[in-house]
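Colleague: Submitted below is the structure of interest, expressed as structure tokens.
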Amino acid sequence: MVLISEDSRELLQAHVELWNQTYSFMKSVALAVALDLHIADAIHRRGGAATLSQILGEIGVRPCKLPGLHRIMRVLTVSGTFTIVQPSAETMSSESDGREPVYKLTTASSLLVSSESSATASLSPMLNHVLSPFRDSPLSMGLTAWFRHDEDEQAPGMCPFTLMYGTTLWEVCRRDDAINALFNNAMAADSNFLMQILLKEFSEVFLGIDSLVDVAGGVGGATMAIAAAFPCLKCTVLDLPHVVAKAPSSSIGNVQFVGGDMFESIPPANVVLLKWILHDWSNDECIKILKNCKQAIPSRDAGGKIIIIDVVVGSDSSDTKLLETQVIYDLHLMKIGGVERDEQEWKKIFLEAGFKDYKIMPILGLRSIIELYP
């Protein structure tokens, strides 16, 4: 167990609490989607317990939406609407190999089953009425419509945001100076909060390195904090040209800003920092970013590594508030094409990107530090 000061521990716990309050509306969004897709009815028709694949078949949603359904059900199980049980003979059909989680109705979700199918009076009409604002609000970004949408062969994997608005969040930021400023200010505030704790409690992760490149580092909040703490460290911030154009002109002497694209190339350095970046991208996109990072750093023996600051879902499964916050934030990210990953999901993309070893340190509350080695 890593020991940190009581002040830092309280700040990290307060961060989780605020994040939970901020994104708790995603539980209502998940419930609205469950009602729209008639998930409780689907499980009821399977005898009260069903795997994801079985639910998918019952509700008539395409198999490519299975990961999205998993994320909806993860929120609804953590919040207690459904529960996960051991596979039974009924659920271990030819459709399942016994490794899929099996979702069971609880007393709460049994009240979502339609009255025609259940002896218990259904509350679905009442909840449909109460939750209707979430269907029409940008807060949900048309998640139900996304589940029902047939994938376009010309644009596979389109996220709910793009389906609703016809563009990506990043393109909106590029075109709209006000939204770009709002986003950059939000990321800078997060960096100021997190780096204060990181450099106070865990500064050793930056010891013994000569150069660092902060990939998609925005206006440089994290990098400038690191550079101030380590004046001999040569630091580079890489981001898109329209982002670095808004960087402060009076930056610290050992920090430079470079306009570029992480999907094309990354400036060379001993260490690459990816703070809260990879969760915005699909597995394939993360693998491409990580391969470019690998080309930018030396071997492990020569001090090369990647420092990732991101969520590892289930990093402390004993903390129910933390876990709930991680999964409801993951559902929020799903709307823009992002994803929060558990350790096995992280490991998969690390190996596919050609890395040999990694170390996860769940020491930043909601997020963890991951050191990744070539």
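Numbers run from 1 along the shown chain.
Glycine too: its Cβ is placed from the backbone N, Cα and C atoms.
Found this in Swiss-Prot, in case it helps:
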- His279: active site, proton acceptor (ACT_SITE)
- Asp239, Asp261, Met262, Lys275: S-adenosyl-L-methionine binding site (BINDING)
Colleague: Among the binding-site residues listed here, Asp239, Asp261, which has the most company in the form of other Cβ atoms within 10 Å of its Cβ?
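Modeller: Result for the most crowded candidate: Asp239.
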Colleague: Report, in whole Å, the straight Cα-to-Cα distance of the residue listed as 'active site, proton acceptor' from Asp239 (S-adenosyl-L-methionine binding site).
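Modeller: Checking the Cα atoms of Asp239 (S-adenosyl-L-methionine binding site) and the residue listed as 'active site, proton acceptor' gives a distance of 16 Å.
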Colleague: Which one of these recorded positions has the most other Cβ atoms within 10 Å of its own Cβ: Lys275, His279?
Modeller: Lys275
Colleague: Between Met262 (S-adenosyl-L-methionine binding site) and His279 (active site, proton acceptor), how many Å separate their Cα atoms?
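Modeller: The Cα atom of Met262 (S-adenosyl-L-methionine binding site) is 15 Å away from the Cα atom of His279 (active site, proton acceptor).
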Colleague: Indicate whether Asp239 (S-adenosyl-L-methionine binding site) is helix, strand or coil by DSSP.
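Modeller: Reduced to three states, the DSSP call for Asp239 (S-adenosyl-L-methionine binding site) is strand.
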Colleague: Around Met262 (S-adenosyl-L-methionine binding site), how many other CB atoms lie within 10 A of its CB?
Modeller: 23
Colleague: Would you kindly give the Cα-Cα distance separating His279 (active site, proton acceptor) and Asp261 (S-adenosyl-L-methionine binding site), rounded to the nearest Å?
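Modeller: Each residue's Cα considered, Asp261 (S-adenosyl-L-methionine binding site) and His279 (active site, proton acceptor) end up 17 Å apart.
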